[in-house]
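**Student:** Can you read through this structure? Questions will come right after.
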Amino acid sequence: MAAASRNTVNGNQHRGFSVSSDDDMIDITTTGTVTERSIHYDDPGVSHLPGVTYCMGDGDVAADGDEIPGIGQYEDFHTIDWQRDIARDRMRHRYIVKRKQNSLFDLVKGAHDAWSGWVCVLLVGVTTGVFAGVIDIGASWMSDLKHGICPEAFWLNREQCCWSSNETTLSFDIGNCSQWLNWSEVLGQSREGAGAYIIGYLMYVAWALLFASLAAALVRMFAPYACGSGIPEIKTILSGFIIRGYLGKWTLIIKSVGLMLAVSAGLSLGKEGPMVHIACCIGNILSYLFPKYGRNEAKKREILSAAAAAGVSVAFGAPIGGVLFSLEEVSYYFPLKTLWRSFFCALVAAFVLHSINPFGNEHSVLFFVEYNNPWIFFELVPFVGLGIIGGVIAAIFIRANLYWCRYRKTSRLGQYPVTEVLVVTVVTAVIAYPNPYTRMSTSELIYLLFRKCGVTNMDLICDYNRNFTDVKSSIELAPAGPGVYEAMWLLVLALIFKLVLTVFTFGMKVPCGLFIPSLCFGAIIGRIVGVGMEQLAYNYPSIWLFSGECSTGKDCITPGLYSMVGAAAVLGGVTRMTVSLVVVMFELTGGVRYIVPLMAAAMASKWVGDALGSHGIYDAHINLNGYPFLDSKEEFAHTSLAADVMQPKRNETLSILTQDSMTVEDVETLMKETEHNGFPVIVSRESQYLVGFVLRRDLNLALAQARRAVEGLRPNSLVLFTSSSPQQPPEPSSPAPLVLKNILDMAPITITDQTPMETVVDMFRKLGLRQTLVTHNGRLLGVITKKDVLRYIKQLDNEDPNTVLFN
């Protein structure tokens, strides 16, 4: 903030400014028409500091960037400048460190700045855990509401209602305890029979329609950004893109409520993926409590990366997997301190959720299981086979879903989002109810498929011809009964049903995740393969395949393990996750000994998926929506130069600003005639040596501020981007110039026209550039923006470059 005093020296008025910036003190005194500057830098390495007011002489106009609201911020659907934001934070940090010894207040301020990041991720972790607990409890209660109610305590779900009873719930499709009443019993009918089945069927469809219509209506009316998974947009935002409102409070509220409703409606979707979006909304909102993060977009993304880790942590009860997911899948800029904070945030979130205990089983997920049997070496063959099958199914699903989403965007169907939701809900509910494996929630089905059959399991899938003489004896290999074969056919039908319905469901205007449906696809396939291997071991226990492990008659094959490996294979093929996927899966099951089977299946699935399609589901939706996302995992293998990509092309005019020869009217005309997000500043049109770069937004704000605050500003007022006076002295009647050097970036990233594009692409990826300027022998030739790079890559890949929609 500048403190100005007006004095008279030698009969001439002059102004004396004492301007403090983050790292310096500039004392400017003006005597007559001669300007004397005494610039004192505490840091000798600082040569130019943005946001500093420069005064040119008596009557000159200076615009202070620090006093202009909005300077340093970004427009909606634009890319941030990582280098500028990181530099601003470093200057702010140096300023705080220098002043820590001045007073106790400055010392406390410095300490607050040091631990504010840890406090912020602590709050994010606690809040995310609470939200996850509420969502889990609410979704579980509303899902059971489709089947019946607990009259004595309507707020309890079926399992909690039966806790107070001495009876045991033996199956997943109906509650057998007297405390829980089906809708047929509530309406005065019997529990069994045709009438009870019809009433249950109608109530199931009615509740599903109610929940789905509420979810779609809330999303459409209050928060359009609350639909879908959110992970494609989170990846794009973490890469430096601005989507205003996507992480706002209304999106958080509607996404949370809508997610419970959509899951309860029985749609083929999951709540685990959207938990990442919900956690990032929490991280974005809480970051504004700390100006260090709320006012700096690059620093804010460190909090969002930690929030994404917390989202996966509470979704699967896997804090380590959450950190690795944030690192591998969603984060673009992940320094070491962000890794530590993400770990801490995921830990806190998992602890809070564990304390809430939403499932009543002392675990953070519904389908926690634990195996004890070792796996046989030969089983790696079917495990890799499951990986190949998972990759093929994932590729088919991605292609089909993209085709449908593209059709939705380009046809009239996209104009009726609520109608689409209701139609898909009716179809889902009507087809799902007759099959007990599609009637139950997807999480319950996954648990059933992961589970190891024991003495107390009476489901069809565990109908083996076993003779139990001792409850404590180990379970032996046994022939499958008719119930197992019936369950296999029902599971095949459930797989086809869920695979087809998920194609139409993912991308609708309700909150919908893909983790749980993908796990379900693979779990069904894995269970079928596991039962086949188990029966092979029973009928031929002595063959060399089983290395004699099954000759003793003990249970040497675990179908639930195959189900788990298959689930990992399909999820890995759909998302192309590898390391984080394996960690999430063994955290889910508590089986560290099964890391090798999971790794084999995950790698096979990724290889097959990459061979059949270049992108996972999230990257494919990023491309479909036209977001400017430059994937750091892809290689640029083309031989081209910066001159081939830069704008403008040959015989086109470059839009530029000159440092001291353009008027306010010239600048406004240039901005009206062009849509560029920034303009290079050169010495003059005759001498096109580069001076710096100015953003369009900053230039607009500075001119608007000057019109309000500066008297005598005219269209013919000179606009100066330099601290020295023009070469030609102004006439006495000419208006005072407008000095805008403070909004000028005097250190833009530059390359030469002969720089290989491979190097340019690496710079955009690793430095997070918004644009780079192209020069030849120091003279400006053109500009390459992130959008230019993306369009050029699509053109080389024989894709439509116009699909890149945003800046």
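Every residue gets a Cβ built from N, Cα and C, even glycine.
Just so you know, TrEMBL annotations are computer predictions that nobody has curated.
Since this is a predicted model, take the numbers as computed values, not measurements.
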**Student:** Quick check on the annotations: TrEMBL lists transmembrane segment for one of 275-291, 343-359. Which range is it?
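**Tutor:** Based on what TrEMBL states, transmembrane segment spans 275-291.
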**Student:** Scan 1-20, 41-60, 541-560 against TrEMBL and say which stretch is down as region 'Disordered'.
**Tutor:** 1-20
**Student:** According to TrEMBL, which of these ranges is transmembrane segment: 514-533, 694-713?
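**Tutor:** In TrEMBL, residues 514-533 carry the label transmembrane segment.
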**Student:** Going along the chain, which residues at least six beyond the ends of the transmembrane segment (487-507) come within the CB cut-off of under 8 Å?
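**Tutor:** Hits for the transmembrane segment (487-507): 228-229, 267-269, 393, 397, 400-401, 404-405, 408, 424, 427-428, 431-432, 435-438, 442, 445, 449, 459-461, 463, 514, 517, 520-521, 524-525, 527-528, 531, 617, 621.
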**Student:** For the transmembrane segment (303-327), could you work out the same-chain residues 6 or more beyond its ends whose Cβ comes under 8 Å from its Cβ atoms?
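**Tutor:** Non-local partners: 117, 120-121, 124-125, 128-129, 132, 234, 237-238, 247, 271-273, 275-280, 282-284, 286-287, 293, 333-334, 338-339, 341-350, 353-354, 363-365, 368, 515, 577, 579-581, 583-584, 587-588.
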**Student:** Which value does the mean pLDDT take for the domain 'CBS' (744-801) in this predicted structure?
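**Tutor:** Its mean pLDDT is 90.
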**Student:** Would you kindly check 115-137, 376-402, 414-433, 561-586 and say which stretch has the most C-beta pairs under 8 angstroms to the transmembrane segment (201-223)?
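**Tutor:** That would be 414-433.
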**Student:** Given the cut-off of 8 Å on Cβ pairs that are 6 or more apart in sequence, determine whether the transmembrane segment (561-586) and the transmembrane segment (376-402) share at least 3 such pairs.
**Tutor:** yes
**Student:** With a Cβ cut-off under 8 Å, give me the same-chain residues at least six positions beyond the ends of the transmembrane segment (115-137) that come close to it.
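**Tutor:** Tertiary neighbours of the transmembrane segment (115-137) are 256, 259-260, 271, 275, 278-279, 282-283, 286-287, 289-290, 292-293, 302-303, 306-307, 310-311, 313-315, 337, 341-342, 344-353, 355-356, 358-359.
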**Student:** Counting by DSSP, what is the helix, strand and coil composition of the domain 'CBS' (646-710)?
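**Tutor:** Going by DSSP assignments, the domain 'CBS' (646-710) contains 24 helix, 17 strand, 24 coil.
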**Student:** Could you name the stretch, out of 275-291, 376-402, 414-433, with the greatest number of CB pairs under 8 A to the transmembrane segment (514-533)?
**Tutor:** 376-402
**Student:** I need to check the long-range neighbours of the transmembrane segment (376-402): which residues 6 or more away from its ends have a CB within less than 8 Å of a CB in the stretch?
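**Tutor:** Apart from its flanks, the transmembrane segment (376-402) reaches 499, 502-503, 506-507, 518, 521-522, 525-526, 529, 533, 545-547, 549, 556-557, 562, 565-566, 568-574, 596-597, 600-609, 611-613, 615-617, 620-621, 624.
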**Student:** What are the helix, strand and coil residue counts for the domain 'CBS' (744-801) according to DSSP?
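**Tutor:** Looking at the domain 'CBS' (744-801) with DSSP, the answer is 23 helix, 18 strand, 17 coil.
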